[in-house]
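Asks: Here's the feature list from TrEMBL:
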REGION    1-23  region 'Disordered'
TRANSMEM  36-54  transmembrane segment
TRANSMEM  82-102  transmembrane segment
TRANSMEM  109-132  transmembrane segment
TRANSMEM  138-157  transmembrane segment
TRANSMEM  169-191  transmembrane segment
TRANSMEM  197-218  transmembrane segment
TRANSMEM  289-313  transmembrane segment
TRANSMEM  325-347  transmembrane segment
TRANSMEM  354-374  transmembrane segment
TRANSMEM  394-417  transmembrane segment
TRANSMEM  438-457  transmembrane segment
TRANSMEM  463-481  transmembrane segment
Amino acid sequence: MAKTDEVLESSQTQVSHVENDTKGGQDFIEDSAPGLFLNLCVLATAIGGMLFGYDTGVISGVLVVLGDDLDGRLLTPSNKELITALCAAGAFIGAIIAGITADKYGRKPAIWFASVLFTIGAVVQAASYTLVQMCVGRVLVGLGVGSASMIIPLYIAEIAPAKYRGRMISIDMVFLATGSLLAYAFDAAFYKVPHGWRYMVGLGGLPSILLGVLLFWCPESPRQLCFHNRSDECLRVLQRMYPTANETQVAQMMTDIQYGVTQAKALNEEISVRQSLKSLVTVPANRRAAIVACGLMATQKLCGFNTMMYYSSTLFQIVGFDNPIAVGTIVTATNWIFTFASIFLIDRVGRRRLLLWTMWGMPVFLLLAAGVFTKIPIDRQTLELTDDKVGWPAIVVLVSMILFVASYAAGLGCVPWQANEFLPMEVRAMGTMMINMCNWGPNIIVSSTFLSMMRGISPSGTFGFYAALSFIGFVFVFFCYPEAAGMTLEEIRVVFEHGFGVRYAEEWRKQRKLGNVTHGANEPAKEVV
């Protein structure tokens with residue numbers, strides 16, 4: 001009862017109107033169906049997800065076929081780790097730049113920045129004849145990927161209706177998986193073409209060019225327009241995005257946005273980047289939101305999925321498959337299928353439940369692979385087979401990776417990118433920057449150490465290590481990750497005023513179904529002691 005009373009008390013301070021239906025929806029604009037224009041804006045910007053996906057997939061094939069095209073010599077394992085990790089290093093910097101400038105200049109300039117840099121980086125890579133040139137291209141691509149991965153989910157979260165926000169952000173993840181699948185298709189197509197890797201990396205510039213062109217027709221985020229005192233333009237954008245909404249609904253949405261912006265400006269006025277970061281860390285509710293968001297993103301990277309995407313062709317080559325790129329395509333296709341399925345589950349099932357339903361399988365299947373690797377005769381120094389006859393263990397490794405990727409893609413692959421919804425507007429850009437730092441920082445570590453770990457602690461030990469990290473991530477989600485599906489961005493800020501908000505959020509959902517909680521935000525929620 002105490003938790004129910006907290007939910008009702010907090011929600012009553014937010015309510016600005018009474019819903020027409022018991023589920024709280026018919027006169028609230030964010031529960032109405034979005035218009036075609038809004039959907040097209042989401043699809044256009046989500047193409048940016050292909051940048052990271054394509055790079056993740058293409059480098060797997062490139063590492064297998066580069067040969068001695070750079071500096072006239074074969075790459076060492078350390079060279080391969082360097083080439084792979086530099087993209088993540090560039091992305092780390094790109095995410096920081098985008099985070100610092102996102103509020104001052106808006107969301108669209110950062111997306112254009114990503115488009116231009118990725119295109120230039122793709123050209124530089126395709127034209128490389130030395131390791132240094134390739135490294136420069138990798139950094140440029142990384143800057144673009146980091147900027148896009150930081151801003152695009154943020155942009156989509158700010159324009160998406162509460163009812164469909166999870167699904168719409170997941171579209172970005174579908175494009176990411178699509179980019180990876182296309183990259184593997186191009187890898188396979190150019191696998192036996194002399195110097196075919198140049199075509200592989202060069203074709204990556206096509207989605208970035210398409211993104212830059214389509215962005216001309218996408219408006220700035222309504223919340224950003226209001227933040228920069230462009231209320232008339234904000235109103236016009238809302239009317240285009242919700243063409244079936246009546247004047248009352250649009251006016252209510254404007255009121256809610258203006259209230260959120262007023263709160264943000266009151267807290268953020270004349271504030272420096274350093275002070276904004278300090279607010280994110282020292283304000284208890286902000287700190288808890290950042291811990292959950294950053295922790296989940298770090299879990300996504302430390303579970304080992306990205307290393308398996310980066311090195312899947314190398315990995316399947318190690319265990320003895322004749323066409324490792326074709327086999328890697330099977331794993332990538334699995335990623336696409338289950339990422340696509342998450343679109344239909346994430347808002348219906350909920351983020352928390354989806355994570356708990358899928359994450360348990362990740363450590364199980366990694367442990368299965370770890371056990372099977374003990375049956376495969378691999379020289380740890382050269383990472384080559386000592387016996388050409390591998391047999392069933394190679395098949396089991398493939399099956400375990402497919403099951404691991406399926407578990408990952410359906411839950412952990414998409415949910416962390418929703419996490420900027422936890423952050424209040426006054427720290428959302430800085431918080432999203434920190435989330436992306438927790439994305440790319442661990443990415444640098446795992447991509448630059450995977451082959452070294454395989455040699456140092458054996459393939460079995462490496463997979464066992466990632467299984468342990470995956471299990472820790474599952475425990476973290478169970479105790480700390482609250483459900484935010486169906487809440488507006490203004491309502492979510494109340495959740496972390498109640499600890500990590502797991503029980504509060506569940507009670508909120510129950511009360512919403514009973515019709516006791518309604519949308520709207522005109523006053524800050526009361527602190528519950």
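Glycine is no exception: its Cβ is also placed from the backbone N, Cα and C atoms.
Those TrEMBL annotations? Automatic predictions, nothing curated.
On a predicted model such as this, the values are computed, not experimentally measured, just so you know.
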Asks: Counting Cβ pairs closer than 8 Å, which of 36-54, 138-157, 325-347, 463-481 has the most of them with the transmembrane segment (289-313)?
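Replies: Stretch with maximum Cβ contacts: 463-481.
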Asks: Sequence gap of 6 or more, Cβ distance under 8 Å, 3 or more pairs: do the transmembrane segment (169-191) and the transmembrane segment (438-457) meet that?
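Replies: Between the transmembrane segment (169-191) and the transmembrane segment (438-457), contact is absent.
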Asks: Who are the chain neighbours of the transmembrane segment (138-157) in space, where the CB to CB distance is under 8 Å and they lie at least 6 residues beyond its ends?
Replies: 42, 45-46, 48-49, 51-52, 55, 83, 86-99, 102, 107-108, 110-111, 113-122, 124-125, 165, 168-169, 171-172, 204, 208, 211, 221, 417-418, 420-421, 428-429, 432-433, 435-436, 439-440, 489
Asks: Return yes if the transmembrane segment (438-457) and the transmembrane segment (82-102) have at least 3 CB pairs under 8 Å (sequence gap of 6 or more), otherwise no.
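Replies: When sequence-distant Cβ pairs are counted, the transmembrane segment (82-102) touches the transmembrane segment (438-457), since at least 3 lie under 8 Å.
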Asks: With a cut-off of 8 Å between Cβ atoms, can you find at least three pairs linking the transmembrane segment (197-218) to the transmembrane segment (354-374)? Only pairs 6 or more residues apart in sequence count.
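Replies: Contact between the transmembrane segment (197-218) and the transmembrane segment (354-374): absent.
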